[in-house]
Amino acid sequence: MAKAKFERSKPHVNIGTIGHVDHGKTTLTAAITTVLAKAGGAEARGYDQIDAAPEERERGITISTAHVEYETETRHYAHVDCPGHADYVKNMITGAAQMDGGILVVSAADGPMPQTREHILLSRQVGVPYIVVFLNKCDMVDDEELLELVEMEVRDLLSEYGFPGDDIPVIKGSALKALQGEADWEAKIIELMAEVDAYIPTPERETDKPFLMPVEDVFSITGRGTVATGRVERGIVKVGDVVEIIGLAEENASTTVTGVEMFRKLLDQAQAGDNIGALLRGVAREDIQRGQVLAKSGSVKAHAKFKAEVFVLSKEEGGRHTPFFANYRPQFYFRTTDVTGIIQLPEGTEMVMPGDNIEMTIELIAPIAIEEGTKFSIREGGRTVGYGVVATIVE
């Protein structure tokens, strides 16, 4: 049979393997590519090729991540696998690897372990919306009742963190046996991917989301009005749209976009990814500033207090050399601006060491346009000392 051409026309989904160390995440990743390669949907990648993940220096932090791609009959997937636990924490908090869904790998021989719990919590905090479970190493467990027990444990754990534990697909297999080409176990990999296809929805495209553009610069054009420039983060903006100016002010201002310009050309509309200048009706030069956002009316609000999942850079990564304590007041960099904020640590936590990851409550001195999942960095005098993601809005 001739190899099917690698089509780009299929919907694209980003997924990743998560779970405890040595439960078989990387072996499963290798097994998926190897099994799908037989149907022409992937390039087979061995365990060693994936395990030797290159270290990526993403914004000064070192993250080891393996990226593989493959396709099923209906979709094209980009799949990330991280060798170390710290790599997951960094990856998920900085959004270096955005996941539309995760495959949670749990060894049937060991059951859920500390990092199983941690990765589920992390997925919840950073907004990985869907999880499918692969119970691995089932060839090592003869007792059917034991398998059912482990499955129940995993489902309970998922429910505990707000995932629909009872409804999540759980596939029992053996990544190693599938990798070695045993047909019965290969079938389990096919079954896993069929569940991933069916259970993890195709993400909404950036252009289908409500319009949002962080303001980078503002200038006035004599006789025309005020122009805000920036890169459209999501959605589409058309001439004539009513938008809100959000953040750094007591209340949102509303205005109409009377012109959209890109590379000095006038456009009817701009979309996610475009760098534009938006001409705003009736807005004075001093009514809008860098750090605010332009957004579709009612789509996003300004908030000052929120809970966040944060990881603090180690000394080696260019971070602080000393711990910080409650009431620490660094700058929080959201999109295009720094805002000072005060940190509250969880009960029982006295201090945070460089290299830690922790949930904290942050109160900014001025409200800013944020939502659950908004990423930020923590800075001191222009130097980045940590990264975070908004987990829940408090007020």
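Any Cβ shown, glycine's included, is placed from N, Cα and C.
Record note: among 136-139, 208-211, 232-235, 344-347, 136-139 is the stretch given as region 'G4' by Swiss-Prot. Feature annotation (Swiss-Prot): of 69-72, 81-84, 353-356, the stretch labelled region 'G3' is 81-84. In Swiss-Prot, the annotation region 'G2' applies to 60-64, one of the ranges 60-64, 140-144, 270-274.
Region 'G1' is the annotation Swiss-Prot gives to one range among 19-26, 315-322, and that range is 19-26.
Counting only same-chain residues 6+ beyond the ends of the region 'G1' (19-26), those with a CB under 8 A from a CB of the stretch are 47, 50-51, 66, 81, 83-85, 104-107, 110, 112-116, 119, 136-137, 175-176. Taking each of the binding-site residues K25, H85 in turn and counting other Cβ atoms within 10 Å of its Cβ gives the largest count for K25. Between the CA atoms of G19 (GTP binding site) and T26 (Mg(2+) binding site) there is a gap of 10 Å. Minimal Cβ crowding within 10 Å, among the binding-site residues C82, C138, is found at C138. Counting only residues at least six positions away in the same chain, the Cβ atoms of S107 sit under 8 Å from the Cβ of D22 (GTP binding site). Rounded to a whole number, the distance between the Cα atoms of H85 (GTP binding site) and T26 (Mg(2+) binding site) is 13 Å.
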